[in-house]
Amino acid sequence: ILVEAVQGIEDIKLLRAESRFQNQWNHMNEVSADIGMRQRKIVGTLMAWTQMLQGLTYAIVVLVGCFAVMDGEMTTGALVACSILSSRMLGPIAQITGVLGRLQQAKVAKQSLDELMQRPIDQADRSHLVHKAALNGDYELKNVLFQYGEEDPKPSLAIRHLKIRAGEKIAILGRNGAGKSTLLQLLSGMQVPTQGAVHLDGLDLSLIDPSDVRRDMGLLNQNACLFYGTIRENLTLGAPLATDEDILRALVVTGALPFVQEKKEGLDHLILEGGVGFSGGQKQALLLARLLIRQPNILLLDEPTASIDDVAEKQLIDHLKGWLAHRTLVVATHRRAVLELVDRIIVVNEGKIVMDGPRDQVLNQSTAQQKQVQGGNS
């Protein structure tokens, strides 16, 4: 909750929700303090009983030893030795209570660590993954079913068959929540289908080394972010060997060059956490430039112009037409101008493909259906 509050501090202030988050924070601290107090109370009680037992045992040894000395059955030195030995023997017992407290903490920590270690990883030990020198974006989806959780009433995506040829330029259209972003996640390998398989260049995507997939595939999702560091460091995250010429070309394509040049330090300008100081459109342009610098063969874009104004969008599209060339493009968008980049449109509704065909044909069918609906309503 602390991280969430810090990241959304502006929204919290604008919504006047300080009291709500303060109450949540106080409640969490209260619960944590209550658990800690109960644990310390139990440990303290056990330690008190242990110390009492230790003192009582010592007293009994001395008392019994005194009578033995008076009867001549034991010497005074033997009594002293017995008392010292009893104290030494009971010392480890007194530490058991502390060990029990730490053991409980260790059990909770181990449970959390086990949950973390049991989560799936990209490349399992002794897994036999296929290495590919190059991936071109020849996709095929067969009987794909995907659910984010087992409790979901219906799958987020259900595709019987979808073929994407290498070099194709495809737009994915649909309403909010139709499954466009989920489809891009499956194509990128960031999500694994619940049923069915996603094939890339003739191989099951799950069998290809993830490092090879991410080398030739670039995904720009809606949650992409800039990190603390200079503009240069952010742009070269995925391409550390990129030259200034490579950076310049990417900035020109995305239209980010003018506002980067306005900065006094240029590429060495420091970006604060979350990209503070840059507008939404500027951050989106930098994120897209960071993707293009890697020169991927497969480009997956999720609403790449959502925060960009119309003029910048037109310039971006004009530059991308030449840059894309032989590359495979799959873009999810609501902007009609972006459709200039594609030659095929896939329409998704409620997780299913309801329309798939050449761009002009799909647009004409969609326009005709809208006119029929409007005519029926009138």
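Placement of Cβ uses the backbone N, Cα and C atoms for every residue, glycine included.
Summarising the annotation, TrEMBL assigns domain 'ABC transmembrane type-1' to 1-105. Look at TrEMBL and you will find 139-375 tagged as domain 'ABC transporter'.
On the 0 to 100 pLDDT scale, the domain 'ABC transporter' (139-375) averages 90 in this prediction. Residues of the domain 'ABC transmembrane type-1' (1-105) grouped by DSSP class, helix first, strand second and coil last, total 95 helix, 0 strand, 10 coil.
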